[in-house]
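Working notes for the structure below.
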Amino acid sequence: MESNNGTGAPGAFHTQQVDNAIRAIQHKRPLPEIDFTIHTMEDGSQVSTMERVCKDVQAPAMFKPSDEQFFEDETHTKPDIQFLKQHFYREGRLTEEQALWIIREGTKLLRAEPNLLEMDAPITVCGDVHGQYYDLMKLFEVGGDPAETRYLFLGDYVDRGYFSIECVLYLWALKIHYPKTLWLLRGNHECRHLTDYFTFKLECKHKYSEAIYEACMESFCCLPLAAVMNKQFLCIHGGLSPELHTLDDIRNIDRFREPPTQGLMCDILWADPLEDFGQEKTTDFFVHNHVRGCSYFFSYSAACHFLEKNNLLSIIRAHEAQDAGYRMYRKTRTTGFPSVMTIFSAPNYLDVYNNKAAVLKYENNVMNIRQFNCTPHPYWLPNFMDVFTWSLPFVGEKITDMLIAILSTCSEEELREDSATTSPGSASPALPSAANQDPDSIEFKRRAIKNKILAIGRLSRVFQVLREESERVTELKTVSGGRLPAGTLMLGAEGIKNAISSFEDARKVDLQNERLPPSHDEVVKMQDEERAQALERATREADNDKKLQTLSRRLSTS
């Protein structure tokens with residue numbers, strides 16, 4: 001027996017430890033009283049747990065309205081606009097029947113309208129909304145009450161923002177109320193292809209059902225394509241086309257269908273002015289639009305030629321985010337008026353662009369631009385994920401890390417023994433023998449322990465892959481890796497703002513999402529391949545992890 005170097009009997013030492021532990025339990029200090037109605041934030045400020053921390057965002061409405069609440073009067077011919085406005089503001093939902101009623105009644109009105117609308121001033125023209133319902137309410141504050149103000153919307157009511165169905169239902173309800181003073185055009189996002197790729201289809205299924213989505217798809221095919229305002233301005237979502245010579249070309253389109261990927265209907269929804277519009281080095285009227293992956297860029301010369309031929313003053317369009325909410329392009333030689341104007345009505349687009357939004361008010365031959373900023377809104381995790389689904393990979397990764405850390409705990413003596421067994425020149429491990437296959441043999445049990453440790457390591461790496469997927473922001477993908485810097489999503493809007501500091505940064509980051517997206521089958525295939533590669537990489541890293549190999553070897557031989 002080894003001596004304990006004069007430190008006394010080991011038994012007495014352990015007895016003293018036990019006595020101390022018992023004494024600590026018997027004379028336990030009383031726990032301090034905690035007021036659970038008060039929570040201290042990271043910055044030291046205190047908030048009440050009995051109230052909402054974000055008072056700018058109202059508590060959600062937990063009920064679905066009765067027909068008495070939904071309809072304006074007993075005739076049941078018009079929805080109650082004021083009720084819907086407040087109900088949607090509180091994230092309230094309608095019954096399936098009520099939502100379908102709004103969409104179908106709106107569809108009847110849209111179907112009866114021509115491809116090319118004609119309206120007189122005064123009117124307020126609005127650009128992209130993109131599911132930003134709370135900013136849409138601000139738009140009506142700035143632009144005027146729809147009961148007293150004439151409105152023309154240029155499309156893109158859905159996708160990217162997480163309140164698209166509320167935007168559709170509210171705008172369609174306004175159309176039912178004011179069919180002759182509120183007009184809705186089609187944007188490139190009002191189609192099956194983009195709504196399936198981005199968020200609108202998922203949103204409809206999450207908040208309502210696929211039947212609501214299908215009703216919206218039918219309704220989108222009924223939206224008019226263009227408008228001539230005050231016999232002076234062509235209003236469209238995208239831009240010009242090599243196939244657009246006169247306004248009759250628009251009137252002759254068969255619009256009741258999914259937009260094609262080329263041709264006049266495609267170009268009206270997808271085309272853009274050249275980036276160096278007005279200072280082009282090319283003499284071509286149209287250049288392939290490599291940014292969108294379809295349609296064209298049109299030149300200053302193309303715009304001037306079209307305006308002169310059709311006796312128009314300017315083209316008013318949407319389709320492109322603008323830092324100031326609008327952009328005036330080079331003036332025409334004949335009228336001195338901007339040949340093209342872009343209006344964008346979604347402020348702080350995607351919660352990261354930091355842009356202003358704008359509407360264009362035209363009255364008494366005077367054109368005014370009204371700008372406005374974003375409004376606080378409820379937060380949704382990407383793809384309408386619930387917090388448990390989103391956070392499980394984080395929890396799983398930490399638990400496996402903790403398990404490995406616990407198993408890695410060892411004394412210096414054990415480490416010395418392990419390094420001795422793995423010293424250079426040591427013999428290679430023996431090949432499995434018949435005895436090693438016996439479940440009762442020591443070798444078999446050791447190998448089983450080793451495999452379990454390695455499996456935990458692989459599991460840890462897999463959770464890491466899943467955690468990285470949870471951090472992926474599906475709407476914003478950086479050019480260099482498909483995701484924002486790790487952790488920015490957990491930091492919420494502030495973290496993303498730090499990662500993307502300017503409008504131009506955000507625009508560059510988001511550029512690939514402005515393209516015509518791949519088909520659903522291609523997306524599924526790419527996602528499956530990415531996941532398989534990530535999991536294969538995770539397994540390979542775990543198998544080559546020296547710390548794990550050392551740990552498994554030490555535990556299996558102890």
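Note: Cβ is positioned from N, Cα and C throughout, glycine not excepted.
For Asp128, His130, Asp156, the entry in Swiss-Prot reads Fe cation binding site, with the evidence type similarity to another entry. Non-local neighbourhood of Asp156 (Fe cation binding site): Gly127, Asp128, Val129, His130, Gly187, Asn188, His189, Glu190, His237, Ala318, His319, each in the same chain, at least six residues away, with C-beta under 8 Å from its C-beta. According to DSSP, Asp156 (Fe cation binding site) is assigned to coil rather than to any helix or strand.
Neighbour density for His319 (Zn(2+) binding site): within 10 A of its CB lie 26 other CB atoms from the protein chains shown. Under the heading Zn(2+) binding site, Swiss-Prot lists Asp156, Asn188, His237, His319, citing similarity to another entry as support.
Residues annotated as active site, proton donor in Swiss-Prot: His189. Residue density at His189 (active site, proton donor): 26 other Cβ atoms are found within 10 A of its Cβ, drawing on all protein chains shown. Under the DSSP three-state reduction, His189 (active site, proton donor) is assigned to coil, being neither helix nor strand.
The region 'Disordered' feature in Swiss-Prot is assigned to 415-439 (among others).
Swiss-Prot lists 420-435 with the feature compositional bias 'Low complexity'.
Swiss-Prot lists 534-558 (among others) with the feature region 'Disordered'.
Feature annotation from Swiss-Prot assigns compositional bias 'Polar residues' to 549-558.
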Whose Cβ lies within 8 Å of the mean position of the Cβ atoms of Asp156, Asn188, His237, His319, the Zn(2+) site, other than those residues? Asp128, Leu154, Gly155, Gly187, His189, Gly238, Leu269, Trp270, Ala318
I'd like the number of other C-beta atoms within 10 A of the C-beta of His130 (Fe cation binding site), please. 27
Within 8 Å of the centroid of the Cβ atoms of Asp128, His130, Asp156, which other residues of that chain place their own Cβ, given that this set defines the recorded Fe cation site? Gly127, Val129, Gly131, Gly155, Tyr157, Val158, Asp159, Arg160, Gly187, His189, Ala318, Phe344, Ser345, Ala346
Cβ atoms near Asn188 (Zn(2+) binding site) (within 10 Å, other residues, all chains): 26
